[in-house]
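Asks: Just lifted these from TrEMBL, have a look:
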BINDING   F:99, F:101, F:106, F:145  Mn(2+) binding site
BINDING   F:101, F:106  oxalate binding site
DISULFID  F:23-F:38  disulfide bond
DOMAIN    F:51-197  domain 'Cupin type-1'
SIGNAL    F:1-17  signal peptide
């Protein structure tokens, strides 16, 4: 019986060998709208599906915060699977400034400390909450949101995304960390010229 | 032959009567993640599929601009079909301020005048261009962008979206036209307190 | 502060540099079911996102009409973004003959003149309307439709599609501009042999 | 152990009871763009997932053919699952005339007899083949195609679709079985007036 | 200026009021293939978007493990957003037995302890790893996988899913906790009759 | 007129030549999450869209059954079109053992003999039925199911899938035909060690 059933195993193998259960990113091959090209199955190992977010990000910066992404570009096993993750470290007083993810909904989990956070919808309503350890909060796709450490100890959160390539547009960088001319920034944001020039200076923008 | 072929027509009708080629929104029935419930096919007429954007929006306002939407809520025939439209009117000096569409890519067509416009990507690169009549420009989903009248005459554009419900988040309204506390706005945008309070006053915000 | 915040900017750059906000088509690289391969981000400029449909199509032909497409193959910036456009020019008496778009819903905007148009659904119901400047009409995916100039002056319309690759199957070309044998055309369309042969001759078909 | 493990079973049941593995259509409740509302899980039985296509369609008609659909409207268990089926019966000389499925790709399987079939793509290329028992052929979404009995015995085929609601637009019915005015049919199809009037008469159309 | 800009705000409100940025589940209204019906926007509060997974599941059971779901049925704010979460508690010796999620990819994050885990692909290859705090692992959609506490202390993990309704099929419950006749289980799993009867008894199955 | 209309044909050809109605798999080029790269349209022929499942699979094996797949890897014309097929041959006493398709819903059609079949949902409910010729049954995506010949003659069925790459995970192969250590199999399935070792031996597994 062993022999015959084993033959049966071979019989099925044509179907099984051709199956694409996953598409681990080959970052050196062409990328398309649906994601990166797939690594050859024979070269895939368990390590393609494992990544570490154990290291705290460096919060020795002006915002006292760090975002460590595990998107498809960092964690190729996620490619095309519609999910990804990032780690947020917020020292006391830390802030992840106002931003959006153009391509994904975000689900945040607090694992240490307390975090005050909000998103704002198309009707300009604010959904504001202070979260504690074990709380989760969802930010619907593409809407502005932020996170602020609400306590005296470092806060840590892990955020999941509904895409392996969620994108990240930080408002201040979008407005001030490039060469978009100051008069256009003023005109399209109603900010004062002095304010625009001040933040352009801080963030390395020009114009 | 007439008779027999006509019978054949009836034969096929079981299949044809049950087909859902479209789902005109019944705005009074439940709405789900994929859109509104469908109006009964027997009540659908050609007028459900036609809408008018012939009227200029009223640009007698501080931004000298108007956006007239034809999304599923205004134009029920679009429901579930993955497309919608809006009309932009920009008087001389007019501006459609910095905004995003959380749920759609936008494709703009200039039909009168000239428009200076840009979008900014996740890497803070600016894609800036002055468009003239007949030019089209695409703004990838969820990214910040704006439009400014670049000439001395009224400009008109029509924008199409890759969703029947694209959303519209105007940056200034999201930041200043609600009760998000000023200290949180400051902390998450790096704007000065005076700047925040000034714009909250203008846009009817509090806090 | 400038220095430290600028460092923070670099900190985020790993995440931001890997983000795929768009996938401008590289027409020389492999194409997949979701669209063309992406051009390297470093080579993308604003001109990849801008295209011109300002030129009138040549209507000096038997149908007195022209269709100028701006699909992903002509306008690579659209690749994978789920939207595209085309310009219709209809001289007096002009007609865009009966056709379908196999892969997209169409949304038409009249910008000059008047256009009589209809689509037909799976139950053979006709949705017929004469549109004037500023009117928009939606044609659900895959259904037969046409446009006819309804006035004495040239008509112009711009049509948007819910795909960057909508397809275009013109009924007469599908039936008569190829080598599908006349007896098969007759048998599957109920058209008379003479009619089939006449149109095959006109449209360059054989068989 | 039995007792404790059984408790564990209850523990999991909160998660399991809330899961939507399927959404059997409740044809009396609201329908949306993604399909019909779901029947309550407690009322679902195996018979919701089983349907019979064992009965031959009635081919005593002018086309000597019959199409028996098993779409979501006939077979509610398919609702939302992205697949459906139909049975084709073709008596000798029978034909399923030129048609499209606006919302699905079709995969045909011949189980009896021989069938000559073709589809035509957007470039007007014809993909023509005579299929025998056990052959399968795929017709990409939205493209014109037909089936003709190529032998002296009844042919039977089963066609699968990539949607539970594929749609069915039969060319002759779309053109001639309604009130679309004859001059518009002529103008948009290049068919002669006599041809149009003849087929309108046969198919019960007017105008 | 305040007055005029405020008017502008009202001008935009037609567009903004109709936008569906989210669709918080109304669990009492009809459910469709894309998810639950939406709660009226006016009744939505921030609490619809927040949920707590702070409580440890009860691991006083034979598997010394607990799964606490936060799917759309428990956490209505997730409805239609393509993401959800669950908490895993594994006491020393605990195991989440072999299972699949028919509708989602899973991304696991270890926040305490060590976990030995594997998934098996269509080619029967095993991807086995022992994860420690801060490690993440992805399990592609629909494949068999399990988690086992690999240390002497309680382990905690949070798993995210690429759907708000991922499903959960636990192998032993599927095989043994129902009335599927023992001979059919034997025949389709190659398990011995005694083994099947033993596990049916433990899990409350019959037949 | 012939001449002019023919010119018109050329006019349209720019649009038509660039259209991607299908994407026949080029199995030698990169594969991505959405499927294989496309063969150049100029090299595509009707034979890319036709495949034969006329040959009975070899049922001279322990399960007296055979599965012959026509997925994208065997039948390249299906690539990206969201549908595929397989042939099941079940000799008397034959069984297709418990399995899942991680990426697709299955629709089974019996064309000869009788088949007893069931699927099991997330709540462990069993949907069991004996099907006869002409019956169809749908198995929602990712759920465990099996087929057993219920009569004294060979049974034949054709199964369609809602993906061109449905996957196939056979339970016994996943559990026993690899090197997953016996203690882990025991612990995660509650099977007895002897049972696990027996089936590992039969199926060629180790550990």
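In case you wondered, yes, glycine gets a Cβ from its N, Cα and C as well.
Curation does not apply to TrEMBL; its annotations are automatic.
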Asks: Please classify the secondary structure at residue F:101 (Mn(2+) binding site) using three-state DSSP.
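Replies: In three-state terms, residue F:101 (Mn(2+) binding site) counts as coil.
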Asks: Ten-angstrom check, please: count other Cβ atoms within 10 Å of the Cβ of residue F:38 (disulfide bond), all chains counted.
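Replies: Excluding its own Cβ, the number within 10 Å is 22.
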Asks: Starting from each candidate's C-beta and looking 10 angstroms out, tell me which of the binding-site residues F:99, F:101, F:145 has the most other C-beta atoms.
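Replies: That would be F:101, with the highest Cβ count within 10 Å.
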Asks: Round to the nearest Å and give the CA-to-CA distance linking residue F:99 (Mn(2+) binding site) with residue F:23 (disulfide bond).
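Replies: If we compare the Cα positions of residue F:99 (Mn(2+) binding site) and residue F:23 (disulfide bond), the gap is 29 Å.
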Asks: Pull out the binding-site residues from the set F:101, F:106, F:145 whose C-alpha sits within 10 Å of the C-alpha of residue F:38 (disulfide bond).
Replies: none
Asks: Take the domain 'Cupin type-1' (F:51-197) and average the pLDDT across it for me.
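Replies: Here the predicted model's pLDDT, averaged over the domain 'Cupin type-1' (F:51-197), is 97.
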Asks: Long-range neighbours only, meaning 6 or more apart in sequence with Cβ under 8 Å: which ones does residue F:23 (disulfide bond) have?
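Replies: In sequence order, F:35, F:36, F:37, F:38, F:39, F:79, F:80 meet the Cβ cut-off.
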Asks: Hey, for the Mn(2+) site built from F:99, F:101, F:106, F:145, who else sits with CB inside 8 A of the CB center?
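Replies: So the extra residues in range turn out to be F:100, F:119, F:139, F:143, F:144, F:159, F:166, F:168.
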Asks: So for residue F:106 (Mn(2+) binding site), how many other CB atoms are inside 10 Å of its CB?
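Replies: I get 24 for this one.
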Asks: According to DSSP, which of helix, strand or coil covers residue F:23 (disulfide bond)?
Replies: coil
Asks: When DSSP states are grouped into helix, strand and coil, how many residues of the domain 'Cupin type-1' (F:51-197) land in each?
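Replies: Counting residues per DSSP class in the domain 'Cupin type-1' (F:51-197), I get 22 helix, 59 strand, 66 coil.
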Asks: I'd like to know which recorded positions lie near chain C: of F:23, F:38, F:99, F:101, F:145, which have a CB under 8 A from one of its CB atoms?
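Replies: Listed recorded positions passing the 8 Å Cβ cut to C: F:23, F:38.
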